[in-house]
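*Asks:* Submitted below is the structure of interest, expressed as structure tokens.
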Amino acid sequence: QQRFPQRYVQLVIVADHRMNTKYNGDSDKIRQWVHQIVNTINEIYRPLNIQFTLVGLEIWSNQDLITVTSVSHDTLASFGNWRETDLLRRQRHDNAQLLTAIDFDGDTVGLAYVGGMCQLKHSTGVIQDHSAINLLVALTMAHELGHNLGMNHDGNQCHCGANSCVMAAMLSDQPSKLFSDCSKKDYQTFLTVNNPQCILNKP
């Protein structure tokens with residue numbers, strides 16, 4: 001059991017206009033949903049000694065501030081640009097995740113830049129609000145944050161003591177909240193090689 005150094009991620013979550021519509025413009029409902037997601041993410045990341053703090057929740061209640069499309073790569077690229085040119089100029093944070101009610105093409109429910117944590121454009125992910133079960137959306141965001149933290153998808157040789165681990169390529173119908181040995185190794189390597197500075201400070 002390796003000991004990981006304590007790290008802190010100041011997180012901004014943006015709910016797009018489709019989310020606003022899906023939840024009938026009820027910002028309290030969206031806020032509750034998002035807080036539950038962040039609580040679960042903290043539970044998942046506790047063994048890695050990473051603490052997430054929600055420093056901002058932005059709801060695009062009038063209109064989207066980027067073009068959100070079913071092509072997940074395009075939406076992620078737009079969101080990354082918007083984070084760099086707009087969000088970062090008015091809100092201090094380490095990472096931003098877009099929560100959208102659009103249906104991404106194919107089986108995709110999320111996308112993020114691998115090893116992007118602390119980079120201007122690439123410390124981002126996009127998450128489809130794909131389930132009425134909060135845990136499943138939280139696991140998707142935890143997975144995409146894993147990519148930002150240097151983790152790749154689990155291969156057959158990766159184990160976590162459950163059927164399926166957080167970084168499995170496909171969300172299992174029996175998902176677990178556990179990271180595989182491979183994910184832990186990837187994260188350790190990311191810390192050592194990239195030494196991301198923005199997650200050192202306690203919020």
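A Cβ is built for glycine as well, from the same backbone N, Cα and C atoms used for every other residue.
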*Asks:* His143, His147 bind Zn(2+) according to Swiss-Prot; which of His153, His159 goes with them?
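*Replies:* Record check against Swiss-Prot: Zn(2+) site with His143, His147, extra candidate from His153, His159 is His153.
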*Asks:* Using the record from Swiss-Prot, pick out the residue from Cys165, Cys182, Cys198 that is joined to Cys158 by a disulfide.
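*Replies:* Within the candidate set Cys165, Cys182, Cys198, Swiss-Prot assigns the bond with Cys158 to Cys182.
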*Asks:* In Swiss-Prot, Cys198 is listed as disulfide-bonded to which of the following: Cys118, Cys160?
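*Replies:* Here Swiss-Prot pairs Cys198 in a disulfide with Cys118.
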*Asks:* Among the recorded positions Cys118, Glu144, Cys158, which ones place their C-alpha within 10 angstroms of the C-alpha of Cys165 (disulfide bond)?
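*Replies:* Within 10 Å of Cys165 (disulfide bond): Cys158.
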*Asks:* Specify all same-chain residues, apart from the site residues His143, His147, His153, whose Cβ lies within 8 angstroms of the center of the Cβ atoms of the Zn(2+) site, ordered by sequence.
*Replies:* Ala112, Val114, Glu144, Gly146, Met151, Asn152, Val166, Met167, Ala169
*Asks:* When you tally the Cβ atoms that lie within 10 Å of each candidate's Cβ, which of the binding-site residues (His143, His147, His153) has the highest tally?
*Replies:* His143
*Asks:* How big is the Cα-to-Cα gap, in Å, between Cys118 (disulfide bond) and His147 (Zn(2+) binding site)?
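*Replies:* That separation, Cα to Cα, works out to 13 Å.
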